[in-house]
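Report on the following structure.
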């Protein structure tokens, strides 16, 4: 948009009336171009639709002609399959064709029955044609009639020779159904089809041209079989095929200019074309351009008129509006120029209430605002001068206080924590800075004093580390005592295994008694086995008999299945007889129909009767086949009866064998009773053996318990050794870290200069800690292994009990673990936790109370 403004010359940009006139001119020209272009587009669209409609009319006529052609082909096929024609009786056929041609639609000219071998017409609906040789008939259908086929052949258009009238004809030729020696020729008058051609508009002409570009049908029947001179529509129709109809504009030829057609030759015609499917015929629809495009011309004229009227209307309205607006803007421009030169008394009065009127009001308000702002600007300038003087004074004061505070901060940074800022200032912010800085330095000074106290506590923690080393020695003594307890447990385990050996000897005696009873059971089992052999033999015979019964049953099943198969075939034959009966009924019905149409002596009825006779013969053969199958079924049934009888006899023979098997099984039951008695004796001996076994199990459980205790003691020894190693490592690390930290802490604290009152506040805490440590030296720590000098077991930990198993359990809980826990909590770990807590909660927490540290020192 900016580029567009720079491209417009300055004189035009400065003159609103000129700009408005140019815009109005552009608008009028644009409306004219758009209107003209829209009119042309509408005209082209309507012309395209008219052209497509011409092609559609031709396609519709082509479809109608195709239907008419297919109907004639179907008529020829029906004639070739009719009963009289297929009978071959020439007299009957001649009468049938003469009667049939009268029943066919208008335009059916003649029907010929041709003997192909003799090459002549043997029957015809036209009396002049009967008996004539094909060689003497100069019509195109004679060639297809000499060698007919099952398909219907369509001839080219020709003039009929039998009626004596110059009428265009077309012939349909096909062979008689099932008889290639005879043919049916059905001729149709094309003149009669002219009534079916529909003219799309007044003054239009619809023609049909054949493959030789001759007119074979038109609405006026004026120039039939004349040559159509314009080849372009025909070529396009045949090249596009039946599925691509179309239209084009051509100049009319001499044929269309004849008086037979109501067509003007002074203008071009719109010709719609379409090829007829399954033929080389083309339908042509001719319409003059004035008729086809008449509405298009009116649309173009009205469109141009409307465009011109719109341009004039825009020009008139724009001129009136532009002039009034330009005059008002020019007046407003003069007034603003005066106000720009300093004349704020100019008047902006107007009677307009539109946008220009509101613009006048806006300039008037702007004039009043300028007056007020100029007055306010003068007053603000005076106030600004006064504020500037005050600001300079305050800035000097702030600079002086800043220099003073900078000196104090530098002193504190160098380690002098006694320096303080003067909080007296004219500026509130500077007073707050001084007050908060002084509070911060007070807290920092207190914190440094607490850190000094913490350094003394580090020394106390070092002494506690030494006490932890003594506790490690006590743990080593406990390890030795646990090993002694393990040895005592091993002795006890040996004695109990001796008792287990004695019990096992008793178990051996019981096992011998069980062996004696087992011998008696073996004898009884032997007799039972012999009886089982006899029973087995009998059972095998019974099984063999049952196998034979099973095979015979299988044969019987096979015979029965064969019988079912035969029955299935009988069902199929019965179904076939039913179908034959249905066909016989249908043939009888057809025979009645033919008899009613042609008389009882017609050959059609005799043909039907012969077919009925053949079906009767087939029915008789089927009945004989059924009788044979029934005899085979009877024979198979007798065989099945014999097999079943034999099976019943074999079952009776096997009855005795099964009875012998039953007796053998009873004897086996008696021996089984004796076997049960022996088994009871074995059960009693087994119970004694189970009792002895339980005793052994109990002893073994005790031995396992002792082994478990031994394992527990071993684990205690390993745990004590591991604790000793860990304690020694921690003691070494803690002592080294404490020494390093104490050294660094002392060096850091020497840099600070503290107030003497603050230092004296924390000195009593250190003295109290030293006094507490001295007072705590005489009594020995709990669990350190030290005892009063009068105790004979001074090397043993306090509370140790050495007696038996109880001593072992006491080693695990009171002496070992409790001593270790006492070492970790009162002497070692508590002191360490106390060192950590003041460091975290008291020393680095500004303003916190120091009573917690003093209390810890006292502990």
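Every residue number used here counts from 1 along the chain in the order it is shown.
The backbone N, Cα and C atoms fix where each Cβ goes, glycine too.
What TrEMBL says about a protein is an automatic prediction, not a curated fact.
TrEMBL lists coiled coil at one of the ranges 469-496, 497-524, 581-608, 609-636, namely 609-636.
TrEMBL lists coiled coil for one of the ranges 546-580, 651-685, 686-720, namely 546-580.
Per-residue confidence over the coiled coil (367-404) averages 82 (mean pLDDT, predicted model). Helix, strand and coil residue tallies for the domain 'HAMP' (323-375), in that order: 39 helix, 0 strand, 14 coil [DSSP].
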